[in-house]
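Please read the structure below before turning to the comments.
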Amino acid sequence: MGAGASAEEKHSRELEKKLKEDAEKDARTVKLLLLGAGESGKSTIVKQMKIIHQDGYSLEECLEFIAIIYGNTLQSILAIVRAMTTLNIQYGDSARQDDARKLMHMADTIEEGTMPKEMSDIIQRLWKDSGIQACFERASEYQLNDSAGYYLSDLERLVTPGYVPTEQDVLRSRVKTTGIIETQFSFKDLNFRMFDVGGQRSERKKWIHCFEGVTCIIFIAALSAYDMVLVEDDEVNRMHESLHLFNSICNHRYFATTSIVLFLNKKDVFFEKIKKAHLSICFPDYDGPNTYEDAGNYIKVQFLELNMRRDVKEIYSHMTCATDTQNVKFVFDAVTDIIIKENLKDCGLF
């Protein structure tokens with residue numbers, strides 16, 4: 001009888017210990033939801049977490065990006081070539097017109113993700129053309145990957161035999177996120193589960209079941225989107241869409257107690273763009289100086305003023321460049337400190 005009771009006690013103690021361990025583990029688990037409109041930079045942040053908090057990209061993994069990088073490069077030059085027609089821009093050298101036709105034909109016949117020498121030669125000739133450059137300058141008038149200039153101006157390196165993509169090449173690559181991608185890593189004694197959710201409108205209905213028990217939402221908005229329209233609706237300004245989405249998330253009943261951090265991303269692209277295109281394109285009421293600081297601050301205020309519970313809920317914001325590892329490292333460190341302060345003070349661990 002006594003032996004049975006002590007075995008029961010032992011079992012009970014073990015169970016109690018396990019429950020305590022589980023509770024501690026749960027308290028140390030941070031669920032992070034990355035939200036934002038399409039092409040705002042969510043997946044680039046995920047890649048940075050792999051570089052900063054995991055072991056980065058192995059040689060094999062880097063090599064897997066070659067096909068994506070070649071595909072991105074080809075799609076970018078094709079988008080510019082098509083825009084030459086729609087924007088009625090003339091080639092600087094009429095011989096490039098034949099190159100463009102040849103490229104269109106080749107694009108339909110080559111194996112996807114490859115870059116034959118004849119094709120890379122044509123692309124390099126086209127990229128040097130003054131008409132193509134003029135068209136590239138007007139990229140906000142059609143859909144063009146942010147990485148277009150990065151890859152096209154460095155194509156010679158990308159097609160060198162034995163080419164291995166660098167971390168920056170990998171970070172710049174673009175694949176549309178469909179569904180939900182989870183990344184796990186540890187940092188500052190916490191276990192992070194980060195969920196990247198497709199941003200295009202068709203993807204948004206998949207978000208809902210991710211909402212439960214989320215510790216923190218990182219909402220990503222592209223600063224540089226102020227003069228651009230959506231891929232899925234060319235009547236809607238991308239910045240307006242982003243504000244609309246942020247409004248619905250930061251005031252959602254699901255997130256009453258969730259920490260929200262705003263990443264105003266692509267600050268590098270915005271820095272260059274604001275010199276040429278006035279912010280009033282997006283915000284007709286804006287009459288302040290068209291500088292990086294003033295215009296950037298105005299955009300930040302537009303987002304933060306949507307928070308209906310400003311008196312009790314603070315939304316933290318950061319200007320970010322998702323392709324800059326040091327910048328992301330610094331900002332994520334600050335975000336983690338916010339999470340520790342806001343969400344873990346109640347559990348007695350910190």
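Cβ atoms are placed via backbone N, Cα and C, with glycine included.
Swiss-Prot has this to say about the protein:
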- 1-21: region 'Disordered' (REGION)
- G2: N-myristoyl glycine (LIPID)
- 28-350: domain 'G-alpha' (DOMAIN)
- 31-44: region 'G1 motif' (REGION)
- 36-43, D146, 171-177, G199, 265-268, A322: GTP binding site (BINDING)
- S43, T177: Mg(2+) binding site (BINDING)
- Y142: phosphotyrosine (MOD_RES)
- 169-177: region 'G2 motif' (REGION)
- R174: ADP-ribosylarginine (MOD_RES)
- 192-201: region 'G3 motif' (REGION)
- 261-268: region 'G4 motif' (REGION)
- 320-325: region 'G5 motif' (REGION)
- 340-350: region 'Interaction with RHO' (REGION)
- C347: ADP-ribosylcysteine (MOD_RES)
Just the number: how many Å between the Cα atoms of R174 (GTP binding site) and Y142 (phosphotyrosine)? 17
Determine, from DSSP, whether G36 (GTP binding site) sits in helix, strand or coil. coil
DSSP output for S43 (Mg(2+) binding site) maps to helix
Confidence summary for the region 'G3 motif' (192-201), mean pLDDT rounded: 76
C-alpha spacing of S43 (Mg(2+) binding site) relative to A322 (GTP binding site), in angstrom: 9
Residue, out of the binding-site residues S43, T177, whose Cβ gathers the largest set of other Cβ atoms within 10 Å: S43
May I ask for the distance between S43 (Mg(2+) binding site) and T177 (GTP binding site), taken between their Cα atoms and rounded to an integer number of Å? 7
What residues elsewhere in the chain lie close to the region 'G5 motif' (320-325), defined as a C-beta under 8 angstroms and at least 6 residues from its ends? 41, 44-45, 48, 51-52, 167-168, 171-172, 220, 263-268, 331
Protein Cβ atoms within 10 Å of Y142 (phosphotyrosine), excluding its own: 16
Including all protein chains shown, what's the count of other C-beta atoms within 10 A of the C-beta of R174 (GTP binding site)? 18
Starting from each candidate's C-beta and looking 10 angstroms out, tell me which of the binding-site residues L171, A322 has the most other C-beta atoms. A322
Checked against DSSP, the composition of the region 'G4 motif' (261-268) is 2 helix, 5 strand, 1 coil
Report the nearest neighbour of Y142 (phosphotyrosine) in space among the binding-site residues G36, K42, K266, comparing Cα positions. K266
With H, G and I counted as helix, E and B as strand and the rest as coil, say where DSSP puts the residue listed as 'phosphotyrosine'. coil
